[in-house]
Amino acid sequence: MAMHLWLVTLTLVPLLGMDRELMVSAGSLVFPRMPFCEHMAELPNCPQTPNLICGTDGLTYENECHLCLTRMKTMKDIQIMKDGQC
């Protein structure tokens with residue numbers, strides 16, 4: 001009986017820990033979002049106002065305008081991964 005209880009405990013404890021990890025991971029999921037570039041003219045002069053954003057290409061951009069400019073120049077689908085530095 002004690003051996004059976006021990007085996008059940010060894011089986012359940014790792015599962016409980018895994019559930020907690022999944023909940024923490026799910027709570028911190030980051031989904032990319034599209035930058036608002038439609039209003040921009042061809043190759044605009046971007047303001048130098050620092051408002052750092054992290055692109056899905058892994059690069060940090062000074063602001064959304066700079067990310068849009070890179071999208072236009074490279075024709076790549078770079079999105080905003082998160083606000084702030086990568």
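Glycine too: its Cβ is placed from the backbone N, Cα and C atoms.
Bond annotation: of Cys46, Cys54, only Cys46 is listed by Swiss-Prot as forming a disulfide with Cys65.
Taking CA atoms as the reference points, Cys86 (disulfide bond) and Cys65 (disulfide bond) are 17 Å apart. Listed in sequence order, Cys68, Arg71, Met72 are the same-chain residues six or more apart from Cys37 (disulfide bond) with CB atoms under 8 A from its CB.
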